[in-house]
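Visitor: Sending over a structure as structure tokens; questions will come in a sec.
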Amino acid sequence: MGESKQEHLIVGVSPFNPRFTPEWLSSAFQWGAERFNTVDVLHPGEISMSLLTSTGTPLGRAKRKVRQQCNRDMRNVEHALEISGIKLGRGKPVLISDYLQTQSYQCRRRSVIAEFQNNQIFQDACRAMSRAACQSRLRVTNVNIEPDIETAVKYIFDELPAYTHCSDLFEYETAALGYPTEWPIGKLIESGLTSLERDPNSSFIVIDFEKELIDD
């Protein structure tokens, strides 16, 4: 896939994650440019607020912190582009929150929620992943509370349509969403244990600078 350079790489960036430094992003952009026609960036934007509110941050403060973090991440992306000399295919990062209210995205999000309500395996996986994310956040903030998992899972509801239909979101014929680690919910979808499916024109890869491209 990457060797033919016929597809587009979309680098997923997570807020509040120290991995996504300008140096790491620069390496990811260069890595992608060697394997794909274009490189782009996908960022959650304001939907990451649910992670903060589910771990005790008041709504008003959560909004401010998310805006600040998003701006910080965008500066890191710009710095990484300067270091690498790469230009994004879409010209600028794409924020999931900018597309959340579109008809197609809302339709796919409703499908995710319906799966959560009707599939115990999917529900358990979403809750487990959300709890792990909350616990990681609580360790960073040194707060000892029980996280609100029902709020936290909304982050997955908001993100998943971008995972399953990244090519459509970016208006590319084909595209691969790249991230430095596997995504457990994505692996569950690929297992066939849910009714959710990934668009055949969209794929997921693990970005690993030391190994060959890993494609699931």
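Even glycines carry a Cβ here, placed using N, Cα and C.
As the structure is a computational prediction, the values presented were derived from the model and not from experiment.
Relevant sequence annotations retrieved from Swiss-Prot are reproduced here:
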ACT_SITE  SER14  active site, nucleophile
BINDING   ASN17, TYR155, ILE156, PHE157, ASP158, GLU159, TYR179  substrate binding site
SITE      ASN17  site 'Could have a critical role in the catalytic mechanism'
SITE      LYS65  site 'Could be involved in aa-tRNA binding'
SITE      ARG75  site 'Could be involved in aa-tRNA binding'
SITE      TYR155  site 'Could be involved in aa-tRNA binding'
SITE      GLU159  site 'Could have a critical role in the catalytic mechanism'
Visitor: Select the closest residue to GLU159 (substrate binding site) from the following recorded positions, measuring between CA atoms: SER14, LYS65, ARG75.
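Guide: For GLU159 (substrate binding site), the closest Cα among SER14, LYS65, ARG75 is found at SER14.
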Visitor: How far is it from ASN17 (substrate binding site) to LYS65 (site 'Could be involved in aa-tRNA binding'), counting Cα to Cα, in Å?
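Guide: A Cα-Cα distance of 14 Å.
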Visitor: Should any of the recorded positions ARG75, TYR155, TYR179 have a Cα within 10 Å of the Cα of the residue listed as 'active site, nucleophile', which are they?
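Guide: Correct set: TYR179.
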Visitor: Measure from the Cα of ARG75 (site 'Could be involved in aa-tRNA binding') to the Cα of every one of the binding-site residues TYR155, ILE156, TYR179, then give the nearest.
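Guide: Going through TYR155, ILE156, TYR179 one by one, the closest to ARG75 (site 'Could be involved in aa-tRNA binding') is TYR179.
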Visitor: Widest Cα span across the substrate binders ASN17, TYR155, ILE156, PHE157, ASP158, GLU159, TYR179, in Å?
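Guide: So the maximum pairwise Cα distance among the substrate binders is 20 Å.
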Visitor: Considering the recorded sites LYS65, ARG75, which residue's Cβ sits among the greatest number of other Cβ atoms within 10 Å?
Guide: LYS65
